[in-house]
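Note sheet for the following structure.
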Amino acid sequence: MFTNCSLGHCHIIIAVVLWSICVDSRKIRGISLSYKRFYRERKSFLCIDGSKMIPFDQVNDDYCDCVDGSDEPGTAACPNGRFYCTNLGYRSHYIPSSRVNDGICDCCDASDEYRSQTPCQNTCRNLGQRERAEVEGQMRVLGEGLRLKQQLIEEGVLTWREKQAQLRDLQRVSDDLQTQLDDLRKEEARRKEEADALREREIGALETADNSPTSHYRTESPINVFKELDSNRDGSITVDEVQAKVSPVQDEEHALSEDEAVALLGGAHRVDLSRFEETLWTSLRTGDTVTIKGRHGVPGSLADEDPNIKAAVSAAEKAAADLKRVEDAYETVYMEIRDLREKLSIDYGSEREFLFLHNQCFQLKVHEYIYELCPFSQVTQKSASGEVVSLGKWGSWAGSPEKQYYQMRYESGEPCWQGPTRNTMVMLICGTETALRSVKEPSKCQYVMELQTPVSCQPALRQRGIHSEL
């Protein structure tokens with residue numbers, strides 16, 4: 001090997017080879033690049049916590065000299081020591097030094113089993129490729145989620161503006177209807193007063209013009225009066241029926257005697273319609289002696305037949321119908337305004353990105369139960385028998401100040417049997433579609449759900465590294 005070199009040159013080459021072997025034999029295992037400065041070859045070694053100075057040849061000599069275990073990064077001598085897995089091509093990490101040379105492969109680069117009999121394979125490259133593929137998939141999902149989120153933000157802003165404009169329009173309609181209501185109430189009252197006044201005047205005029213009992217029979221036909229007196233509807237009037245319904249003009253409380261009744265019927269005990277017209281009907285129309293009980297006073301129906309009164313009543317009824325129609329319209333608009341204001345009072349995120357969730361519900365079946373989440377409304381649980389139990393009503397956002405819109409709190413559900421009131425916490429996670437992904441009950445009647453949605457995606461500040469140090 002050294003036959004062609006001069007004696008001086010051969011000495012130099014041999015010295016370099018021996019120095020390389022020596023340096024390699026003194027390689028400090030189990031430390032990261034950031035800690036290599038503490039393990040530079042010197043005569044002495046200072047424990048990293050500064051508690052003790054030892055000779056450098058006592059580093060990794062399988063005996064624990066430093067309290068912090070820093071002198072044995074590559075052995076299992078110190079109970080609190082840790083070994084650094086470089087794992088080139090994958091993620092670097094620390095393991096307890098007690099796992100060094102224990103026959104179990106903990107580092108994917110097999111560096112922790114350098115003296116054991118276990119044949120560890122270096123799997124870092126395969127693991128790194130697999131994780132990189134996973135990360136790339138996650139980044140693609142994140143990118144698509146962010147794109148969808150931006151669309152939902154734009155739609156949310158437009159919808160918010162539309163709802164604000166709709167509220168303003170409804171408020172104007174409400175104001176107009178209120179004005180109409182005020183006018184129609186006055187109109188309806190005026191029309192009713194006019195109809196009542198006309199009717200009262202007409203009734204008074206009729207009473208003044210004709211205050212005798214005969215006024216009842218001038219406009220009536222004998223047939224109607226006959227039917228009124230014929231109580232048993234047998235087509236004839238008897239003495240008993242006359243005594244029951246006919247009385248003297250001057251004293252309605254006085255009952256006619258049988259002879260008086262017979263005389264009114266022309267000396268007969270029963271008369272038909274034709275005989276009635278010749279006898280009792282003549283006495284009733286004259287009105288001097290007898291009348292039908294309860295016929296004093298002017299019937300309101302006579303006054304109601306007046307065309308002026310009919311027109312006034314019709315106008316009052318139309319005014320009342322118009323008032324009812326506008327009152328119904330006002331009630332409908334009022335309910336729409338109330339619902340819209342309630343909707344706009346909810347916090348839908350700093351950019352209205354969660355507005356699209358309003359009036360939507362998402363279901364997930366877990367065992368025999370169907371769970372339903374209606375964002376900003378309620379959470380329910382439906383059993384196989386169809387019984388629905390409330391797991392909480394919308395309360396508020398429950399995230400931290402930095403991540404306020406990552407958790408939703410639903411409170412005051414139905415009480416558990418001998419337990420607390422049911423409550424639900426909804427965790428929002430990033431995804432390309434909006435769906436309920438999981439339901440758990442970590443403690444009695446306290447539920448945790450995961451709702452996947454694009455609006456929970458956030459731009460990655462930095463892609464997770466495959467390895468932190470090389």
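Each Cβ is built from the backbone N, Cα and C atoms, and glycine gets one as well.
Annotations in TrEMBL come from automatic prediction, not curation.
Computed from a predicted structure; not experimentally measured.
Annotation comment: TrEMBL describes 184-204 as compositional bias 'Basic and acidic residues'. Summarised by DSSP class, the composition of the compositional bias 'Basic and acidic residues' (184-204) is 21 helix, 0 strand, 0 coil.
The feature domain 'EF-hand' is assigned by TrEMBL to 217-252. Mean pLDDT for the domain 'EF-hand' (217-252) in the predicted structure: 84.
Per TrEMBL, domain 'MRH' is recorded for 359-459.
Taken from TrEMBL, the feature region 'Disordered' covers 184-219.
The annotation signal peptide is assigned in TrEMBL to 1-25.
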Same-chain residue ranges lying at least 6 outside the domain 'EF-hand' (217-252) that approach it to Cβ under 8 Å: 258, 261-262, 264-265, 269-273, 276-277, 280-281, 284-285, 287-294, 296, 302
